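First the structure, in the form of structure tokens, and then the observations on it.
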Protein chains: 2
Amino acid sequence: MEYRKIKDEDIDIDRDVEVEDVEKSFLLSVPSVSGEPKIDTHKTKAQWKRKSLVTFALTILTSSQAILIVWSKRAGKYEYSVTTANFLVETLKCAISLVALARTWRTEGVTDDNRLNTTFDEVSVYPIPAALYLVKNLLQYYIFAYVDAPGYQILKNFNIISTGVLYRIILKRRLSEIQWAAFVLLTAGCTTAQLNSNSDHVLQTPVQGWVMAIVMALLSGFAGVYTEAIIKKRPSRNINVQNFWLYIFGMGFNAIAILVQDFDAVVNKGFFHGYSFITFLMIINHALSGIAVSMVMKYADNIVKVYSTSVAMLLTAVVSVFLFGFHLSLAFFLGTIVVSVSIYLHSAGKIQR
Amino acid sequence: MEYRKIKDEDIDIDRDVEVEDVEKSFLLSVPSVSGEPKIDTHKTKAQWKRKSLVTFALTILTSSQAILIVWSKRAGKYEYSVTTANFLVETLKCAISLVALARTWRTEGVTDDNRLNTTFDEVSVYPIPAALYLVKNLLQYYIFAYVDAPGYQILKNFNIISTGVLYRIILKRRLSEIQWAAFVLLTAGCTTAQLNSNSDHVLQTPVQGWVMAIVMALLSGFAGVYTEAIIKKRPSRNINVQNFWLYIFGMGFNAIAILVQDFDAVVNKGFFHGYSFITFLMIINHALSGIAVSMVMKYADNIVKVYSTSVAMLLTAVVSVFLFGFHLSLAFFLGTIVVSVSIYLHSAGKIQR
């Protein structure tokens with residue numbers, strides 16, 4: 001799957017990304033090519049490897065995230081306050097970015113691209129994705145007045161289409177007609193795979209529910225596409241610096257959420273009240289997934305992210321058969337076939353330069 | 001949708017079909033172009049029109065066939081013997097072909113291409129499709145030992161894949177990779193559209209059931225592809241003569257079926273026992289559908305036939321909402337989306353000459 005070629009011919013914003021970035025980034029261990037002459041095929045191969053690695057990591061992390069959620073539900077109800085967990089996730093992501101940065105500084109020294117110092121111009125856009133996600137999460141509480149949880153899972157597939165549309169409009173990247181067809185199929189396939197005997201209830205969703213689901217999909221898609229725009233705006237900039245600034249605002253917003261929603265609980269019962277072993281596993285997983293999302297935004301794009309999380313959803317179901325004795329439905333098989341064909345078509349339909 | 005171009009480059013068996021065939025064939029009223037010089041664009045346009053017309057006719061007839069079946073089921077059980085009805089369908093098709101032929105003889109005289117006389121060489125292959133369908137119909141009684149009726153409806157979608165595979169192998173026509181993907185999607189989409197809360201039972205089908213379903217799909221696909229090969233073997237041959245010889249063997253096989261299965265009933269209660277108004281409508285509809293299938297084989301191909309009957313299935317469901325107050329499921333919408341994308345891809349993925 002060579003996703004590079006689908007980019008718009010007019011803007012090639014990561015044209016300047018150097019192969020050396022591979023070695024700078026933590027989590028990745030691509031064989032060093034810095035001693036060799038920078039031949040284009042080497043560059044392309046290294047980029048392809050890096051892209052595949054981050055995509056693979058995102059798929060596995062997203063899938064295990066869903067499995068941890070099922071596991072924690074089976075173990076009992078959420079006892080901890082979600083806002084404190086979210087805050088810890090952002091803090092952990094910040095810490096990991098700083099550790100990775102410190103390693104880079106030790107090996108390469110401080111450069112313009114990896115210094116933490118920033119300008120107001122650079123940093124002013126970083127709170128926007130976090131703010132968008134906050135609004136989306138707030139809306140999430142209200143949508144359940146109109147839709148039940150399984151129905152919401154189905155409506156969430158609007159995210160796929162909204163990401164594609166906003167990717168085209170905001171990032172001005174072109175998808176071929178075949179790739180658009182593939183994207184429609186991805187949406188239909190994911191939804192089909194999630195069908196169960198109660199799914200038809202979702203058709204009785206009142207208009208307010210549909211509107212909110214579409215608004216939430218647009219917010220989520222916009223946040224994703226906006227993050228990609230921020231991260232790719234300065235391709236040579238170290239990803240860990242970019243992540244640090246993204247996550248520091250995430251910490252801020254989540255600190256406000258603790259104060260607003262769970263201040264009493266934290267003061268009376270303590271910050272870590274109700275935390276279990278699984279809770280900590282989930283926090284670590286969320287933090288790593290978040291970093292993987294950033295990496296996919298940097299080295300691939302939102303389209304790859306959507307495909308990656310869709311495959312993760314299918315993978316989760318298959319793994320759940322072995323872990324929890326779940327049964328796979330005929331709808332799941334059909335959805336998997338459609339998603340697989342969609343992946344093939346996305347690759348076969350890439351715009352040739 | 002220009003299906004012509006998907007043909008294999010090696011054999012172009014209907015290259016010799018003349019535009020004049022259009023006027024010879026009944027049921028069709030394409031504006032006469034015989035006075036004009038035979039310009040290629042005219043020819044292509046007339047062929048495209050004819051192809052569209054027969055495909056449209058097949059879709060509407062197949063769809064109304066399913067509606068008549070629902071209607072007759074609602075009106076009560078089948079009281080008549082199915083073998084006599086099948087015999088009448090074949091007889092009616094024969095009669096229609098003869099009437100159409102008589103008209104052609106009056107206007108154009110008897111030529112080599114429209115004379116009823118035939119050689120053993122030409123006619124020897126005509127009983128084969130009828131024989132294959134007979135074997136398939138016999139198997140149909142036994143498969144219900146392993147699968148229930150709704151499950152069988154789902155397994156019947158193997159027909160789509162088997163037709164595609166046999167079309168490739170026997171007729172040696174090429175489909176592009178995108179068109180193969182479209183064909184897989186057509187199968188998945190049709191199956192998805194038919195899902196209901198009991199569909200998962202089909203996954204518990206024993207091995208014998210799967211094997212029989214696959215054998216039946218192969219028989220049905222082989223019969224269809226074989227019919228196309230017979231009809232297209234001599235492109236200038238009048239379709240009504242070809243139909244006459246196909247249907248005369250159909251009459252013969254069904255006469256045997258009456259003797260074997262319903263001889264006592266026919267002797268004691270009479271040939272038309274239990275026939276109602278709907279029964280006659282169904283017979284007329286089946287006869288016209290059968291002729292439409294032959295026409296699609298002659299002027300288009302098995303792939304077009306499969307798409308046509310798939311669209312008919314979806315159309316039946318939509319019409320049933322208005323006629324019988326049926327409800328459309330979410331699965332139906334998803335399946336319809338997948339089938340629609342499949343039709344687009346089949347057209348977009350055609351092999352360019």
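Keep in mind that glycine also has a Cβ here, set from the backbone N, Cα and C atoms.
Counting same-chain residues at least six beyond the ends of the transmembrane segment (B:53-72), those with a Cβ under 8 angstroms from any Cβ of the stretch are 27-28, 30, 78, 276, 278-279, 281-282, 285-286, 288-289, 292-293, 295-296, 299-300, 304-305, 307-309, 311-313, 315-316, 319-320, 323-324. Among the features that TrEMBL reports, transmembrane segment is placed at B:53-72 (among others).
The transmembrane segment feature in TrEMBL is assigned to B:84-105 (among others). If you look at the transmembrane segment (B:84-105), the same-chain residues 6 or more away from its ends with a CB under 8 A from one of its CBs are 24-27, 114, 116, 238, 240-241, 243-244, 247-248, 250-251, 254-255, 257-258, 262, 266, 271-272, 279, 282-284, 286-288, 290-291.
Per TrEMBL, transmembrane segment is recorded for B:178-195 (among others).
The transmembrane segment annotation in TrEMBL covers B:207-231 (among others).
Per TrEMBL, the feature transmembrane segment maps to B:243-260 (among others).
Residues or ranges marked as transmembrane segment in TrEMBL: B:272-294 (among others).
Among the features that TrEMBL reports, transmembrane segment is placed at B:306-324 (among others).
The feature transmembrane segment is assigned by TrEMBL to B:330-347 (among others). Same-chain residues lying 6 or more positions outside the transmembrane segment (B:330-347) and placing a CB less than 8 Å from one of its CB atoms are 1-2, 178-179, 181-183, 185-186, 188-196, 303, 307, 310-311, 314, 317.
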